[in-house]
Amino acid sequence: MAADNPVGNLQDEVTCSVCLDFFRDPVMIVGCGHNFCRACITQCWEGTKMDVTCPQCRQTFPQRNLNPNRQLANVVEIAKRLRVQKAEGAEGQRVCGEHQEALKLFCQDDETPICVVCDRSRVHRTHNVVPVEEAAEEYKEKLSACLKTLRERRENLLRLKQAGERKTQEYLKRAGAERQKIVSEFQQSHRFLQEQEQLLLAQLGKLEKKVENMQKEKVIKLSEEISHLNKLISKMEAKCQQPASEFLQTLCRLPWRREAGVHQSCTTREIRKTLSRCDKGEIPQPVPISPELERRLRDFCQTTCALMETVRVLKDTLPFALEKRSGDPPQPYSKGSAAGPLPLSMWKS
């Protein structure tokens, strides 16, 4: 039988009787010659100061006397390589990296495949171990249930994605329509405002032209009047410098002297007429500005004030009106920034 399974016999020879695993750092008890892992024999003799006992033959020794067994360590390495070669003969079957045995068992505690040697070791001795086929079937069932949940989740997400894309396209379409409405409304508002601006400016230009023309006419008339008065004043001042008899003869109702001529008689009449007007307080005053122009200027001032008040109210109320509609906080108005859409009806009203 030994010749039939030499690899198995060799494995038995290089297996520690304490941990049932390949020797790790093997040492030999000098008294009896049995070999153990250094860690295993140290653990067995832990707490014992004298009279140590061999775990295999139960022979007692007065002191610890261990020698490293390097030859046995080399044999262990050879046995491991032989197990690798044996395992490679089984097609597609995974083997234990430590014991080179087929991984036919599954440790549920550590969740890892193990071999029969691992199953007998101290590491897995108290663990729940089942055949790999049984463990694989159990995990496949869990994976199937998980896959079903994941597929359902994926389908739900796909439906949500498609619904979201449709809703997004709908929103974009509506937003585009609203954009066109806003652009159209602003264009109409701009045209209306430009027309009103041109109309008001044209009316104001006519009024300014009329005021300028009236001012020119008035300046001409006043200049003529001033020139006439300057001449009259000069003549009256000259009369005042005449001797008393001549002065009175000029102003009183005496026969006109022939040598004075027509010019002198006209001057005298003008002076006497001016004196008469001064006595009666009938000196003509400058003609004031036309009441019609005054009224039209006042109307324009009122129109400008009304326009400014309308714009001010619009600036103050429109952001809050838009906030109620959109739910966004109002933005403070600043020069050059758009406060919001201005319906044409608001301006026309």
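Along the chain as shown, the residues are counted starting at 1.
Every residue, even glycine, has its Cβ placed from backbone N, Cα and C.
Please treat TrEMBL annotations as automatic predictions, because they have not gone through curation.
Keep in mind that what you see is a predicted model, and the values were worked out from it rather than measured.
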Per TrEMBL, the range holding coiled coil, considering 25-67, 197-239, 283-325: 197-239
Stretch carrying coiled coil according to TrEMBL (options 140-167, 168-195): 140-167
